[in-house]
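Structure record follows, encoded as structure tokens.
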Amino acid sequence: MTPGPLGNGSMSSTFLLSGIPGLEHMHIWISLPLCLMYLVSILGNCTILFIIKTEPSLHEPMYLFLSMLALTDLGLSLCTLPTVLGIFWVGARDIGHDACFTQLFFIHCLSFLESSVLLSMAFDRFVAICRPLHYASILTHTVIGRIGLASLGRSVALIFPLPFMLKRFPYCGSLVLSHSYCLHQEVMKLACADIKANSIYGMFVIVSTVGVDSLLILFSYALILRTVLSIASRAERLKALNTCVSHICAVLLFYTPMIGLSVIHRFGKQAPHLVQVVMGFVYLLFPPVMNPIVYSVKTKQIRDRVTHAFCN
């Protein structure tokens, strides 16, 4: 049973997640494409991980970073799957505070980890194109491991305070969230207290992760473009740029919906609720679904292994 809105003086130990407003009677049908997207995401990223793990020739920096991206995307899909399918299959909207805070910790942590991985992949492309003779000596397995641990450490350290900052608030009124999962920027607005510290810290986290990472990725590609334009052969220029296409697609798939959703939450108060819901699904489902497809299509080594695996 779903509880109704509470009065201002009442407290609740649960939040209410939302499906797609106005289409509740079609949730079971909407769940079919959602299930397909989750299935493609999980199978696609598991396939990428399996191929890279079992193929020794793919134990190179580019593919090791790709395996980090696949692992992060897999984690993001698994974080939201229980609550999303719970709503669309059985209408289970209630989620306890602790469960909500735990979910948002993993969602934000993995999102910012993906930003770090995309930056690492941009650095990989920079070294491969601008410093090809030093590629193997710069990006050793030890260095790659340290980059991965540093990325994970940064994400955990920045997101770790958020659940505790939210837990100290009382929550009252209509505790309805806009999405089928928990996000910090949404939960904090339901607090019956001053959320200025949370808002400032949230903005600091976004600027110090997504903001810094996106600028460094742009800077890396500016250097890559300068190097590529200095190559005399047109064929060699195209070959060098072609190695970056998959990564550029992954960057656009990740940053575009993330920035769009952040802008809507902070400044688009007049935006239709349906726009927020759709942007939320695009933000968390589209990159994990599309990244394995993009890399399988655009990367010959991955494409050949995938074709070989399914044909046999």
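Numbers here mean position along the shown chain, with the first residue as 1.
Cβ coordinates are placed from backbone N, Cα and C, and glycine is handled just like the others.
Those TrEMBL annotations? Automatic predictions, nothing curated.
As given in TrEMBL:
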DOMAIN    44-295  domain 'G-protein coupled receptors family 1 profile'
TRANSMEM  28-52  transmembrane segment
TRANSMEM  64-92  transmembrane segment
TRANSMEM  104-123  transmembrane segment
TRANSMEM  135-160  transmembrane segment
TRANSMEM  200-224  transmembrane segment
TRANSMEM  245-268  transmembrane segment
TRANSMEM  274-295  transmembrane segment
### Message
Would you say the transmembrane segment (274-295) and the transmembrane segment (135-160) are touching, if the rule is that at least three C-beta pairs must lie under 8 angstroms and be 6 or more residues apart?
### Response
no
#### Entry: Listed stretch, out of 28-52, 64-92, 104-123, 245-268, that has the most CB pairs under 8 angstroms to the transmembrane segment (200-224)
104-123
### Summary
Given the transmembrane segment (274-295), its same-chain partners at Cβ distance under 8 Å and 6+ residues beyond its ends are 18, 20-22, 34, 37-38, 40-41, 44-45, 47-48, 66, 69-70, 73-74, 76-77, 80, 107, 114, 178-181, 183, 246, 249-250, 253-254, 257-258, 260-261, 264-265, 268, 302
#### Entry: Beyond the flanks of the transmembrane segment (245-268) by 6 or more, those residues with Cβ under 8 Å of it
69, 111, 114-115, 118, 121-122, 125, 183, 185-186, 206, 210, 214, 217, 221, 275-276, 279-280, 282-283, 286-287, 290-291, 294-295, 298-299
